[in-house]
């Protein structure tokens, strides 16, 4: 029988394949070390016929693209040649055991001062997709930002069709004047800052602005191809709708996490968020050009840049001898939602689901160790003595989390924690929930129905009466002139709404033990008007398990939480007049910033930090700081 087996051609091939198969197995990708140098320098840049000297990386606006693969190590040397202090944040990178490289000034490091340098040293662990980097001090990220593209490991493929080409599209804002002067003046006067003069697409405002037609990004494509557009919102203060005329796209990733694909004509992207979409071009040359536009989704009561940035999608002509001159092609314009279309925003975000496959699971914490309830919103601080302020009723605008407006320290929190010298730098007493509970959103329950009847109050003669009349907000507060027949009366007292717009101030953190599973509900408030707040958490991804409008109901709302395939991301919008619930596992020791990615709200104090203690094992501990860590 053995002789028969060896002489059989079929069995010979079978045995050969069995022996040879291990030789074809690729070794695990160990990653490579990639070096970049960021020279922080001033550069003259012209947009909208305005030339200004502004802070850049390597003289480029936007800054250079960083390319790496999952598993690679990055060494990025930042050298500061300008008068401004600088720090760089690698937005969305987990920074596992490399918290010293996260970048937010006075949180994980002191900023890099003039003439100094710092090497950001981190390894990309378990992440692939589109992220970005930006300055993380004051408003310098208005000009200091760029894409950070993480490709899969060499032998891993996308969970979608391989694109013909990949194109980063990064949105920003252009100010004709120095944004640092704008926020400095606003913080001094207490009023709202001036808005930008234009939005930009890959640094260019596009043809819909005056003196800008030559500064237009043109995406040149071929018919019948699939393109991967890596969309990044690096704008300072605005969520954006985006649309390509006469085209739909397929959403396949958000915040470097694969999602269940779905088709849409328009998408919403908040500051700090990224979205990858597949664009399938038309099968034949359309003999037309198409605008790609973005404009703001605005929910607050303040001023905003209500303009539209545009690029042009151009099809490559099938023949150099085309009978249609390219310059005479018709140009189609897209239709974007109204600027306050919260219905569209809600429907779009509700469609986002994690892929939740065997290869890319959604590891939602099902058991929760710690529950937190944070209110987020605007408020006020008193005006300084002998100063006139431009905030509400002569105050200064402020913003807070659980009514604590974050006070920036002068020493980095992580350095203070690691050295055991946190006294006087921060307090570990950040409140787990608001000190005072109230109708956070001003939205009453569904109790607008009134009773009906013909009823009177009976009084014995000479009864002395004290009557208190209270306005309600069921359908909105309003003045009501009440007239009493047959009597005069004495007005012995009256009350205006309490002066509860004032915030507290402090530098406080939440302390978590390693591997604590956290559920956090973030509730918008209407103290100075409801508004959407894109909250970004450093050092972690989280799962968005629920969201809704009105006041969060801790009894009934959790019954509708999605614990199967919720979207996983690093930045989430708290709905205007609503709430969002997230879950994450505190498996990353260090100090991790959480803040609104509307830069004006961050400047006003809508920020806090989580301190995650070391675990017991060596790979659960934060290493000592690098020797070149900047000093304050």
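Using N, Cα and C of the backbone, Cβ positions are placed for all residues, glycine too.
Because TrEMBL annotations are produced automatically, they should be read as predictions rather than curated entries.
Here TrEMBL flags 41-153 (among others) as domain 'Plastocyanin-like'. Remark: secondary structure over the domain 'Plastocyanin-like' (41-153) totals 6 helix, 57 strand, 50 coil, with classes taken from DSSP.
Under the heading domain 'Plastocyanin-like', TrEMBL lists 166-317 (among others).
Taken from TrEMBL, the feature domain 'Plastocyanin-like' applies to 431-498 (among others).
Summarising the annotation, TrEMBL assigns domain 'Plastocyanin-like' to 499-614 (among others). Taking H, G and I as helix, E and B as strand and the rest as coil, DSSP gives the domain 'Plastocyanin-like' (499-614) the counts 10 helix, 61 strand, 45 coil.
Here TrEMBL flags 1-30 as signal peptide.
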For this session: Calculate the per-residue pLDDT averaged over the domain 'Plastocyanin-like' (431-498) and state the result as an integer.
Result: 76
